[in-house]
Amino acid sequence: MGNKRFRSDNNAGKPTSVEATRIWATKVIEDFRASGNEVYTFEHNLSNNERGVIHQMCRKMGIQSKSSGRGEQRRLSIFKSRHKNGNKNEANEKSNKEKLKCVSFPPGADVILQELFTHYPPCDGDTAATSFTKYSGNKGKQGQWKDDFFRKPQISSEEILEKVASLSSRLKKDKALKEITKLRSKLPITSFKDAITSAVESNQVILISGETGCGKTTQVPQYLLDHMWSSKRETCKIVCTQPRRISAMSVSERISCERGESIGENIGYKVRLQSKGGRHSSVVFCTNGILLRVLVGKGSVSSVSDITHIIVDEIHERDCYSDFMLAIIRDLLPSNPHLRLILMSATLDAERFSGYFGGCPVVRVPGFTYPVRTLYLEDVLSILKSGGDNHLSSTNLSISDHKLDLTDEDKLALDEAIILAWTNDEFDALLDLVSSRGSHEIYNYQHQSTWLTPLMVFAGKGRISDVCMLLSFGADWSLKSKDGMTALELAEAENQLEAAQIIREHADNSQSNSQQGQQLLDKYMATINPEQVDVSLIQQLMRKICGDSEDGAILVFLPGWDDINKTRQRLLENPFFADSAKFDIICLHSMVPAGEQKKVFNRPPPGCRKIVLATNIAESAVTIDDVVYVIDSGRMKEKSYDPYNNVSTLQSSWVSKANAKQRQGRAGRCQPGICYHLYSRLRAASMPDFKVPEIKRMPVEELCLQVKILDPNCKTNDFLQKLLDPPVDQSIANALSILQDIGALTPQEELTELGEKFGHLPVHPLISKMLFFAVLVNCLDPALTLACAADYKEPFTMPMSPVERQKAAAAKLELASLCGGDSDHLAVVAAFECWKNAKGRGLSAEFCSQYFVSPSAMKMLDQMRSQLESELKRHGIIPNDISSCSQNSRDPGILRAVLAVGLYPMVGRLCPAFGNNRRTIVETASGAKVRVHSLSNNFNLSSKKYDESLLVFDEITRGDGGMHIRNCTVARDLPLLLISTEIAVAPTGSSDSDDSNEEEEDDEEVAANTNEEVAANTNEEGMDIHKEESRRGAKMMSSPENSVKLVVDRWLPFRTTALEVAQMYILRERLMASILFKVTHPREHLPPHLGASMHAIAGILSYDGHAGLSCPPESMVPKHSRTEMYDTGGWEEKPNSFLNSLFWSLSLKENKHPSHTNRNQQHNYNMAPTEAASIPRQQNYKQRNPKATNNTDSGKKKEKMFVNPTNRINQPEAASTGKPSKHKSANSSGSSNKKENMPSDQAYGNKQHNTVPREAAAPMAKNQSSKKTKTRSGNNSDSGKKKEQYIPKRQREDKAEQK
């Protein structure tokens, strides 16, 4: 399969023009990517320019390309990721040659580990709790949350009659309601009211297809409610879903207004964080995600028992939730005959949805917009070349490309009018249809029997003025009748010579204009990159529009923020547009503050023209009612997902025909308008009909987990194949792999207890695991912020001017420095913390303005945090009093570890900088080199001389400029060693190991060629290999001081000792056991040995975090508790006093540094009160080192859980004075001075990287703990003799000095 080549017939029809070549090559590459082949080779008839174009397109699409051969034999081949399967082996080979980075526990951790393993030594029972537990299905059913919002109202028939009478009375008496009712009656959907209610009564599923503005969204729910109340006198629960929360809220408010009610009475809504109404509301609007959680959370039996109607609006948007929801509802319909499903769409894709539901009836409702003239790139170039000609003359404006869907009645009327005109010379009816309802569909309509068109009739009858009118309207003279005659031939046959001459001249001019336009197009395409927006062309076109007209807003559709900003800057640099009194330039983008966005709805004063620069948000989400001119770049930035390379993509791509139609319609809302498409007619014809459904361009981990929660016995792939457009198999495989890595699914794809808990939290499964970890290490508060920020938009605003943008970047750096710097994620944590404290002081507006923070985003994060906190309390994961759950929220090591858990496995290694290149390059697990985005705080990270530091990041995004990561954070090595999927050990690089590697590779090659021989000797040779691996592994781990290579997830190599590998392995096992215990017993305290282990892990992470801050910023230690002044040289951003006062306000109240929290105050919820004594604290700190001090404002000495590494002392090998643990093995002290080899029959991992076995790790960790605590005793059976405690020399000296 790997070398299989893909051939197609596409080369045979290779076009010659530049534009056609791009379209053809795109089709070939997309077909290849969708195929199962690895290589595709183009034919030899490609020019150098064509090969260059294909190379460029391949880079953008994540496909490798290579040209080979010379002359006529030169070929271009394209490949799918060739290094995909080999990258980890390549990384291993590379690590053998390079100097390994050393990783070890931080100074001070030895004392913590000694105490832990002394009282809770490793044993086989530690790892028993880490095995996956299959979800039984009982706990979830018992703990289901009942939401009355979606239950049917409890009202009697008499009460229904009262509601109907009250509504009728309001509509008759209230003047405002009378006016509203009058407007409602003029909506196109009004005449379809009876047809809709009748179809709903007769069919379980119907589809309403109506153009934007026909009234379906606001009127259909009212039609159904009135029908149930007035005609049937029955209660109902009508649930209407919208893809966006703002739509759900605004539509429900509009309907309440139309009925003269307050929102929340009979009409309500429920969106994330907000709701109005309740069970008493008969109509409820919600987002698709809300209804999906209802369907999944309650189970198929009870989820729709009280719902009578489900209206799914805007199904043409194809968001993943709606597609997934429709698949669930389709399965529920047969067992719920009372349920009615109403689908509503604004596009022509109705047939697919109708077929998906067994051919359900379709009600088509026409819309109303003014005619819109459509021009393409050829026309725009000709207009700009023509110079002084006014392209907006009244004649040209009347030309319309407005697409009209002809009904059967329209066709019948046209047939009759054509026959009357041709046979009886009665032209009034035909002229009336042509002039009053002008569109290309009418101008070029062909009689169903004779195929005659209106132009043929007028030409054959010699009506010269009517022929000229139709030709000016764009009627097609080349259409043929059933006899095979065109309008020109028909005029000549009827001896209408003047009409024939007019048509002939028009045809010649059209051909000449067409040739001229094509020449202009070819010349233009040869000089620009069509994949990018031509800002200069947009500026010239806008100047032409403004010169030929005096009023009318201009709406420009652009792909993204960069293009919006470039266009705005270009316009402001032009003196013609720089006058703010004449032009009001407004940007419409999610990064623009809400106050600025609202200006788009205001009409400008007389003499001022409004120019709106927008993304596709202006296609349907908002309506700007004074737009007359639309400039469509034809491009849009859409987030997608490449499952083959496992990267997200955010690229500028061509829109679909449906998108282009929506953009065109924006020009005809208030009066006839013009749409300028800045792409050719050929490109327009090649566009897809509809955009790719979201479920095909996103990772599907959450959906796969929801499938298993919905039906634990169902195969994920089997259910997802029921969707209208299932995700590709590779996406599903990637999702299942991640869910298995984090323990949500077993290797057999069974739902685990951990996965069941993850699935019921309203965050991504990876974020759920982070929350559990944060609770265990008492770092909940920042974890809540990180979890909610990952599910919401960027909280920082992007100013327009370059100077302000530099200030915004500096502000973000300053915020990040509060948490240690080198992070985009921690900048959000700091921003929220400062905003929350500023809000309490009444300074939130000042803070948001000074640090370019979006107030609305902060408010939303605050609400999302509250909701997530409530969910965690409801599931018992955190207590009602969470004051003790965030005591380590300011500790840099623990905070970054929490972040690493939430972002794993998105880990990269920083590449060293070369020469003068200051850009940060990161190597990922796949071997790819990606850049850090220019908007990231870590854009210039390489200049800080980091030595192969690790970064964790949200996602890899492939954009127009290549692959990059946007939000990332520098991470320490130790947290990733604790949370990674796999760690494996091998001897450090030597000639022997290299030779053995080569031999193994040769063996693998021989095995590949002689499968039958190997199969015959599998048993005997397998036993020999197993023994050899065991012998080598035992030798490698036989001594604690042995240097070994530690490989994380088969690609990140480190150098460490055998002892530290063993200790790390035990900590990993106990960490996973703690998480699983917390999942299965959320309201119980951790067992003593797990609670002690989490204490140890938190302490080690704290030490590790401080060890990584060799020159910490001033903000890391507040002034009121600073024990010494640090040299902050080298830190680029220092928080000012205003920011420091906001961030450290909590610490000011407590008068202590967060990392100095007393150890026995930690984990009050996760551990029993007596557990705090199970690990002896680092007592008598000054006794161990009389030079150490701990100064505070109060002057009191405090015991520390975590010692500040910058004030670190040499730790003695102190013996613990705590009581022996019941977990301690009987022979741990008696044989502690023996070196205990690993079992010789232990099986290891692959040939090069031996996975650390618990049988090896446990004895080594246990022996080392017992070595450091020796007891000189006589016969253990002699209980009458007192044991003498061995005290190291340094500790004896300390005690003597104290005396």
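The backbone N, Cα and C atoms fix where each Cβ goes, and this holds for glycine too.
Keep in mind it's a predicted model, so treat the numbers as computed, not measured.
DSSP assigns T212 (ATP binding site) to coil in the three-state reduction, outside any helix or strand. The feature ATP binding site is assigned by Swiss-Prot to G210, E211, T212, G213, C214, G215, K216, T217, with sequence analysis given as support.
Look at Swiss-Prot and you will find 1007-1020 tagged as compositional bias 'Low complexity'.
According to Swiss-Prot, the compositional bias 'Basic and acidic residues' annotation covers 1023-1032 (among others).
The feature compositional bias 'Basic and acidic residues' is assigned by Swiss-Prot to 1279-1299 (among others).
Residues or ranges marked as domain 'R3H' in Swiss-Prot (evidence: sequence analysis): 15-82. Taken together, the residues in the domain 'R3H' (15-82) have a mean pLDDT of 81 on the 0 to 100 scale.
Per Swiss-Prot, the feature domain 'Helicase ATP-binding' maps to 197-366; the stated evidence is sequence analysis.
The domain 'Helicase C-terminal' annotation in Swiss-Prot covers 537-711 and is backed by sequence analysis.
Residues annotated as region 'Disordered' in Swiss-Prot: 987-1039 (among others).
The annotation region 'Disordered' is assigned in Swiss-Prot to 1175-1299 (among others).
Per Swiss-Prot, motif 'DEIH box' is recorded for 313-316, and the stated evidence type is a curator's inference.
The motif 'Bipartite nuclear localization signal' annotation in Swiss-Prot covers 1182-1200 (among others) and is backed by an author's statement.
Summarising the annotation, Swiss-Prot assigns motif 'Bipartite nuclear localization signal' to 1267-1283 (among others).
The candidate set comprises the binding-site residues G210, G213, G215. Of these, G210 has the most other Cβ atoms within 10 Å. Neighbour count (other Cβ atoms within 10 Å of the Cβ, all protein chains): 21 for C214 (ATP binding site). Here the domain 'R3H' (15-82) has, by DSSP, the following mix of helix, strand and coil residues: 34 helix, 13 strand, 21 coil.
Local packing around the Cβ, expressed as the count of other Cβ atoms within 10 angstroms, is greatest for T217 among the binding-site residues T212, T217. For the recorded ATP site, residues G210, E211, T212, G213, C214, G215, K216, T217 set the reference point as the centre of their Cβ atoms, and the other residues of that chain within 8 Å of it by Cβ are L187, P188, I189, A346, V365, G367. E211 (ATP binding site): 20 other CB atoms within 10 A of its CB, across all protein chains. A sphere of 10 angstroms centred on the C-beta of K216 (ATP binding site) encloses 28 other C-beta atoms.
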